[in-house]
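A.B. asks: Here it is: the structure, laid out below.
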Amino acid sequence: MLEHFLSYLTQEHLTELFQSYRAFGPLIAVLLPLIEAFLPFLPLIVFVVANTNSFGLWEGFILSWAGSTAGSILVFLIVRQYGQRKLLGFIRSHPSVRKLMLWVERHGFGPMFLLLCFPFTPSAAVNVVAGLSRIGTRPFILAAASGKLVMIFMISFIGYDLHALITQPIRTVIAVLVITVLWYVGKKVERYLHVRASQREHDGGRQ
């Protein structure tokens with residue numbers, strides 16, 4: 001089964017696959033990352049790799065970035081508009097969410113930019129928490145656009161030549177190492193922000 005799958009991953013088959021995808025036009029390349037912002041279980045990395053291999057590195061990157069950024073902004077605006085209703089009350093009352101809201105409100109751009117730079121950060125949660133917080137719309141848009149710019153470009157650059165990634169073991173190892181480092185650093189940043197928010201909440205409670 002695995003051998004059959006690998007035998008399909010030739011340059012010719014991959015080119016044909018990506019040409020078929022490209023036939024749908026740039027609209028689908030923007031829509032898929034946009035939809036992922038609402039349905040975070042969808043594979044954003046797969047969409048970005050498909051876009052860069054179908055439309056080229058730069059065009060695929062721009063289309064992916066535009067869709068993902070637009071999706072984050074839409075989620076933020078929807079949550080900002082309807083977040084005070086009872087439907088989202090259980091989210092606002094969750095201790096972890098409240099800690100993140102406190103951190104975002106106090107520090108704004110910086111933490112969100114850092115979190116959104118890393119591919120394995122739950123960006124959907126960041127969008128929702130930002131929408132529930134009192135952070136301004138402009139700082140969020142700036143953080144989302146710049147953070148996604150870094151993150152989407154990293155994915156685009158690593159996954160641009162999918163055939164070479166499969167057939168050249170050294171490049172594959174390097175890509176895996178880079179992804180592992182990004183995951184590790186992202187988790188460290190996420191944990192640091194969580195601890196800092198907990199400390200500030202504790203200090204505030206003692207005053």
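Count begins at 1; order follows the chain as displayed.
Yeah, the Cβs are placed from backbone N, Cα and C, and that goes for glycine too.
The following feature annotations were taken from Swiss-Prot:
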{"type": "TRANSMEM", "residues": "28-48", "note": "transmembrane segment"}
{"type": "TRANSMEM", "residues": "59-79", "note": "transmembrane segment"}
{"type": "TRANSMEM", "residues": "112-132", "note": "transmembrane segment"}
{"type": "TRANSMEM", "residues": "140-160", "note": "transmembrane segment"}
{"type": "TRANSMEM", "residues": "165-185", "note": "transmembrane segment"}
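In the displayed structure, how are the listed features positioned relative to their neighbours?
C.D. replies: Counting only same-chain residues 6+ beyond the ends of the transmembrane segment (28-48), those with a CB under 8 A from a CB of the stretch are 21, 54-55, 60-61, 63-64, 66-68, 70-72, 74-75, 119, 122-124, 127, 152, 155-156, 159.
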A.B. asks: Take the transmembrane segment (59-79) and find every residue of the same chain, 6 or more past its ends, with a Cβ under 8 Å from one of its Cβ atoms.
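C.D. replies: Hits for the transmembrane segment (59-79): 26, 29-38, 44, 47-48, 51-53, 88, 116, 123-124, 127-128, 130-132, 137, 140-141, 144-145, 148-149, 152-153, 155-156, 160.
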